Amino acid sequence: MNNQRSFFSNVDWITVLIYLSLCIIGWFNIHAAVFDEDHASIVDLSTEYGKQFMFIIISLMVATVILLLESRFLSALAPAFYGVTILLLIVVLVVGRNVGGNQAWISLGGGFRLQPSEFAKFATCLLLARYLSSTNVKITDLKSFLVAGAIILLPMMLIKLQPDDGSTLVFCSLIFVLYREGLSPYFLIIIGLLITLFISALVFNITYIILAMVAVTAILLLLTRRKRGFALKLVIAFAVSVGFVFAVKPLYTHALKPHQRVRIDEMLGLRSDPRGAGYNVNQSKIAIGSGQMWGKGYLQGTQTKYSFVPAQSTDFIFCTIGEEWGFAGSVVVLGLFLFLLLRIIRIAERQRAPFSRIYAYGVASILFFHVAINIAMTIGLMPVIGIPLPFISYGGSSLISFTTLLFILLKLDSNRMGVIYA
Amino acid sequence: MNNFFERRYVIAGIFITIILILLGRLYYIQVVDGRYLLYANNNVIRKVIQYPARGPILDRNGEIMVQNEPVYDIMVIPKQVKPFDTVEFCKLLGIDKEGFDKRFAKAKRYSPYRASVFEKQLSAQLYASFQERLSEFQGFYPQQRPIRTYPDSSAAQFLGYIGEVSDRAIERSNGYYSPGDYIGITGVEKAYEKELRGQRGVKNFMVNSRNVRQGLYADGEYDTVAVAGERLVSSLDMRIQKLGEKLMQNKVGSIVAIEPSTGEILCFVSSPTYDPNMLVGRERSANYNRLYKDPYKPFFIRPLQAYYPPGSSFKPLSALVALQEGVITPQTTYYCPGYYVSGNRRIACFHGEQHGLVDLSKAVAESCNGYFFMVFDKLMNAHGAKNTAPSFTDWRQKVQQFGLGERLDIDMPAEASGNLPTAKYYDKKYHKGGWRSSTIISVAIGQGELDATPLQLANIEATIANRGFYYKPHLIKAIGEKKIIKDEYKVRNYVGVDSQYFKPVIDGMQSVVDYGTASGSKIPGIIMCGKTGTAQTAHGEDNSVFVAFAPRDHPKIAIAVVVEHAGQGARWAAPIASFMIEKYLRDSITKRPSGIFPQYYMDANLLPPLKVKTPAKPAAVILKKADADSVKRSNLKSASTHPDKKKRVEKLTAMLPIIKEDE
């Protein structure tokens, strides 16, 4: 008893509070998004908001169980979790139910279904943490880098086969973890550069891009003229970039599927089809934009109430927040998320065990990626990628898996003063 | 502890930056950019216009001239359409498969989710058979709308018609009209558009993304109620209007009658006419095109727009001006040898008749041209024989007082002003000072350059009936429940001739009917004062003209009748006028001593032939008359270079009066 209390007393209650706030915000907004007069009660189990309430209860139970676990299990069982998840990811490809073009669900009966890709997130984080925290593993070594990469890439590839692009891309966010553990900053710089070049090549005339690159390279050469050998690297980088820019167009037309191209074109403003491919984003922007400073009020959002926005309880839940609570609501929700992310970094850095720290960064990266991509998508800053807004979007699998992800971290953190495992 | 500890700041920095970018963008679309709220309202709010019923128009006795009748537009929402029996559907609507596809494609282009009109204006009968099967055709539904209906099928040019509003009218209306709305296009429908249309209401409904109604926006706080259009009471008397239209059938011409004591127009016949019901409903455009192409121009509003030389019907006015000027007295006599010597010309009196010694009344009664040439000569020489221009200008000013040569400003669009030549015009035509009384002598008997509309002719009679003044002629006597009469219609317009001078002229006019030129049209028991006119025209037969008022004391009706190319005024126009007057005063037509009866006149076909055999003096006359109308002149000019075209224009102009476009 005494032992258990000490466990709970070490729990980071601030994080729990943010977590609960987000869950409740989600629940109310799902209520608003799918509200209908016949099922007005917010706990009516035949509705999405009723179910979400149940999912929150289940999540809290899961959270409690996690907090009661022995910390060392987590590290010890990481390979097992990972293995089971990979197995489920394979199973789903065989027996899975196809929902919305993605073979991502395993039916559990009773109207409930399981989405293995959600659980792949924390399983991958756990294994990555365990691997990177083992002795003699240094990310700067090629071998370690390759193994870490493989741990991330395996579930990615399986999810890509579903093909769930959104969840696949989530794993890319783990680059932050590798960076924190010593990966050369050039990786981040190069990724940023490639994204910039990719978008530029689609939007601007290729001549201007190359002129701009020449100018940037020249300035960099001038600034770094004292450093020997750097010039050569710059010139090579320049040459590769030029090649990449020329490759973008063919790559874009051949490697991407038409619906993906259309979504990217819509986002970049290269095409406008507000009744067709751009319908979702257009309606979503209208919903959020029409909320203005203080919003239209709870259950008063016309865009939401009259179902102009598709998927508004799941991927586009932020529309309801934006419309009914206005910019004020947006600030509160994004503020809570930012606070949560910074809190997790703080938690990460106070860990003595590298395993805990690495895992914490994994959690932060995954949450950040979800929040940024999801909200950017609803306001047209990103192409439409179907990923949920953590703790807020409707869905049992996503809520339970995000809860698990977070509470494993809290469990590890509550034990930070104890024995270092692994 | 760890070499890369400081990298936490880089990662936190990236997180903060990205979230701030998102918040910045959110601030922009939520707070700065107001368009999205507008878009959201457009999404969800459907303004449903509540069309008010257009006001009905009654005649002076309360008989309905035009009212509304429900028809049904078939609306379609393409997304809601389920497969159905198109063959049967087309049969019910009376369209073919091709027409169906075309309409459906159009509706789909407009919007798959919003309703648009599939087929317009199904009659109640057609709708009844369609309605029985309506449930089979999902996505289609009827929408009732009122259209105009004319129980008597008469007074077409008076009432005018309504039609879909033009783009220009939409622009000018400051947002009142939107495409597809109906607006008065001609006639009273146009002149009283504001009163007739009523006030539209708006209901703000909310719809969901599938365009299904979800109740009123803001509990109807922004809704307005439609207010029906005002009821207009016109001055027309449908009894004589209908009689007049019958009498004028198969003739080209016009009848205008005015109540002298008010200026109210009692009848407004323009012939040939058409059934106003033709311009309503689904056949409208076909009918419109046919009427538009009709060579007898049924859309031409002859009472207001046709230019007719008054001919001898001008003589009473001539006499009045001369009496007022003092150049003659009622006792002034003239010996008519059967001709008149004007300058070095000898002009024969009508048909060369010798009237012998005539005084004023007799001159009017027997329509002695010579007497009036003499009178005109005296007037024109008032400032000396070689100084015609100032005398003419004096005379012109007197004549103008009667409403000639200018618009009477009737409450209907497109009124023409007629033509009363000016001294300046003659100075231009003959060089300055190069014209004398004898040059323009034909004006004395209402010929030459003188042109008047039937409305002006009738108004002159109303003035004579009132012994010296007229009320502005008007078509509408009351608007709505209150009998509002505009102040301008209560003003007496004096014409500058003292009442004492009217007696001898009216004596003459009574004699016209009692024993003079129109004696055949005498109405037993009613003293009618009139004047025949047999007006020469550029081509073909003379116009038959008759102007009159009755009874002599306390006149109740003043009338002008013109039958184009029908010959003498006494032959056609006078009997028609007499029937009209008797019908109005007595509500029945008695047996005439002369043996004339209405049916004969109704049956007569006096339509001028469309082919003119030998145009007497073709282009020259037309050009002269068309001087004021540059458009017409240029048409003729271009036509004259092309032989075929030229012929066609001549044909048309030959039987039609010259139209002066409203400037």
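Cβ coordinates are placed from backbone N, Cα and C, and glycine is handled just like the others.
What TrEMBL annotates here:
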TRANSMEM  A:12-32  transmembrane segment
TRANSMEM  A:52-69  transmembrane segment
TRANSMEM  A:76-95  transmembrane segment
TRANSMEM  A:142-161  transmembrane segment
TRANSMEM  A:182-200  transmembrane segment
TRANSMEM  A:206-223  transmembrane segment
TRANSMEM  A:230-248  transmembrane segment
TRANSMEM  A:325-346  transmembrane segment
TRANSMEM  A:358-385  transmembrane segment
TRANSMEM  A:391-410  transmembrane segment
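Take the transmembrane segment (A:76-95) and the stretches A:52-69, A:142-161, A:206-223, A:325-346, A:358-385: counting Cβ pairs under 8 Å, A:142-161 has the most. Sequence-distant neighbours of the transmembrane segment (A:182-200) (same chain, 6+ residues past either end, Cβ-Cβ under 8 Å): 138-140, 145, 175, 209, 212, 241, 244-245, 248, 268.
The stretch in A:12-32, A:206-223, A:325-346, A:391-410 that contributes the largest number of Cβ pairs under 8 Å to the transmembrane segment (A:358-385) is A:325-346.
Only residues 6 or more beyond the boundaries of the transmembrane segment (A:230-248), in the same chain, are considered here, and those with a CB under 8 A from a CB of the stretch are 193-194, 197-198, 200-202, 206, 209-210, 213-214, 217, 220-221, 224. When Cβ distances are compared across the two stretches, the transmembrane segment (A:52-69) makes no contact with the transmembrane segment (A:206-223), since fewer than 3 pairs at least 6 residues apart fall below 8 angstroms.
A contact links the transmembrane segment (A:325-346) to the transmembrane segment (A:12-32), because at least 3 Cβ pairs that are 6 or more residues apart lie under 8 A. With a cut-off of 8 Å between Cβ atoms, the residues of this chain six or more beyond the transmembrane segment (A:391-410) that come close are 11-12, 15-16, 19, 22-23, 25-26, 29-30, 33-34, 48, 51-52, 54-56, 58-60, 62-63, 66-67, 74, 112-115, 118-119, 121-122, 125-126, 313-315, 317-318, 321, 333, 344, 347, 356, 359-360, 363, 366-367, 374.
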